[in-house]
Amino acid sequence: MNANPKFLSADAHVDAAAVAPLPNSRKVYVTGSQPDIRVPMREITQADTPTGFGGEKNPPIYVYDTSGPYTDPDAKIDIRAGLPALRQRWIEARGDTEVLPGLSSQYGLERAADPATAELRFPGLHRNPRRAQAGKNVTQMHYARQGIITPEMEYIAIRENQRRAEYIESLKSSGPNGAKLAAMMGRQHPGQAFGAAAFGANALAEITPEFVRDEVARGRAIIPANINHPESEPMIIGRNFLVKINANIGNSAVTSSIGEEVDKMTWAIRWGGDTVMDLSTGKHIHETREWIIRNSPVPIGTVPIYQALEKVNGKAEDLTWEIFRDTLIEQAEQGVDYFTIHAGVRLQYVPLTANRMTGIVSRGGSIMAKWCLAHHKESFLYEHFEEICEIMKAYDVSFSLGDGLRPGSIYDANDEAQLGELKTLGELTQIAWKHDVQVMIEGPGHVPMQLIKENMDLQLDWCKEAPFYTLGPLTTDIAPGYDHITSGIGAAMIGWFGTAMLCYVTPKEHLGLPNKDDVKEGIITYKLAAHAADLAKGHPGAQVRDNALSKARFEFRWEDQFNIGLDPDKAREFHDETLPKDSAKVAHFCSMCGPHFCSMKITQDVREFAAQQGVSETEALKKGMEVKAVEFVKTGAEIYHRQ
């Protein structure tokens, strides 16, 4: 049930389904100011509009791509070797880090020397860990506050813009109606941004490297980018950028293997996971994490207290600061990009959970609550927070300050324990920022819709606009097996109100460890929620993809409808259940309404009639009604006719 040595030592390979390009898509790269800034995007090719609808060219659209080299046919994928270290030269060029002679963590050294783990170890890493030079700070926030625009920031600006300006220009040159087409396809509704950057309805508003730098310097955005994870493609989490989503993976003591977790990671990023958290709690946590990081183009997060607990055989009361500190260094030297640390679970808050319906539901929160009660002392995470900051800034690990007292039921939403912890997280944010350490704040949980905005508003106030990262929230507790939907509702709302990253929930939430199918279902649901939030905020260019799909739908370009959507495979499968023949891919109807009741076909018939008569569509409808009225009188003015 746990790690399979034979698989890892001899047969480790990437799942073929994760490396095939999506239909009608290809990986393209946009080059920045230097040749090694090559920003990946997915180009989706579209068919020409049928002659009957104008016959214009439909240029490709570009969408944000998290899949890394896996969907690039030109890339050589070997998970035993790992991904290329694309940020290595940038890190070295800054001249503020040093390569260590070996591992610093005692546990890391023990694992490296243990012959029992030899067959499980990742074989492809041939470099020692890196750390800041003495007295140096290597965080992206530190650089931003020094006025430095790093290659990572330039990369992010290009990535966030998704070639919108080029797309609009390609529409203008698509034919005689190009200018009209560009105006139509570039149109978007003004959003309501709730205090975030107001871009209005300007689809061409540009995200600049300077804007990225300024947001990071202010603490309103983070770039999770450990110097020991040079394989990662820079991305940003902040409410003035595209809403991001996280996918949780990880083994447990009773199920899954290292190979399965690597597969889940590559599967999650294929469908749009912006970051991945490895929440492994079973055997071989260290080795599992190494395989995942070395093969991940997206930031990896962890909850270090989980592994620390394994080191004391699951006895929370036996945890010590020294064990936890060693775990932080171990994981930082592997390349973990952000740590969830439940430093806000203070002794004084634990009694406040006594009258809850569901108590403390966070694993990390319950571990720290148990430790506090066993020792009747303040949490060592809280007491040693400044020392944790010193470790974080030596590797550029970002804080994800954990909501250990989040509500686990609607009943417990917005209670004193939850909000007390949130206030403490705001205080800890200020301490981290004093060290130029990047911070995001974790949020609930289970919250009914009418209380969601209060959560967002309090977080913005108490945490001084540090990015919010929420699990849903789930808006009702009555749907086990459908909690990706109960939470997707809350996720779309809180994303609109200002949350920067949404942690996905799968259909297995509360029921079991998700498999690959569950991971995909959760990812697609949350991509949908995040995109809905971007639309509602009026984020630049958010509506481009919607407009392209709507145009394809109206023109019955079925393949384009499938391919522009979030899940081409499912869309095609559903269509083909009832209309499987190739001829149905060009038909002007689907099985919902059939050939005679398709509203879009009827609209097109009206337009065609208008063109033939040389009148406007409104006049055509009026003229058509007059013709039908004459026919009605001629047939006897009877509503019903006997057959």
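Placement of Cβ uses the backbone N, Cα and C atoms for every residue, glycine included.
Feature annotations, courtesy of Swiss-Prot:
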BINDING   N248, M277, Y306, H342, S362, R363, G364, D403, G404, L405, R406, E442, Y469  substrate binding site
BINDING   H446, H510  Zn(2+) binding site
BINDING   C590, C593, C598  [4Fe-4S] cluster binding site
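Feature map: annotations from Swiss-Prot on the structure.
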| residue | record | Cβ contacts under 8 Å, 6 or more apart |
| --- | --- | --- |
| N248 | substrate binding site | V276, M277, L279, C503, Y504 |
| Y306 | substrate binding site | L279, S280, T281, I285, R363, G364 |
| S362 | substrate binding site | H342, G402, D403, G404, L405, R406 |
| H446 | Zn(2+) binding site | R406, P407, G408, S409, I410, D412, A413, G472, P473, L474, D477 |
| Y469 | substrate binding site | I237, N246, S400, M440, I441, E442, G443, T499, A500, M501, L502, C503 |
| H510 | Zn(2+) binding site | P480, D483 |
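Site extent for substrate: among the recorded binding residues N248, M277, Y306, H342, S362, R363, G364, D403, G404, L405, R406, E442, Y469, the largest C-alpha separation is 20 Å.
Cβ neighbour count within 10 Å across all protein chains ranks G404 highest among the binding-site residues G364, G404.
According to its DSSP assignment, G364 (substrate binding site) is helical. In the three-state DSSP scheme, Y306 (substrate binding site) is classed as helix.
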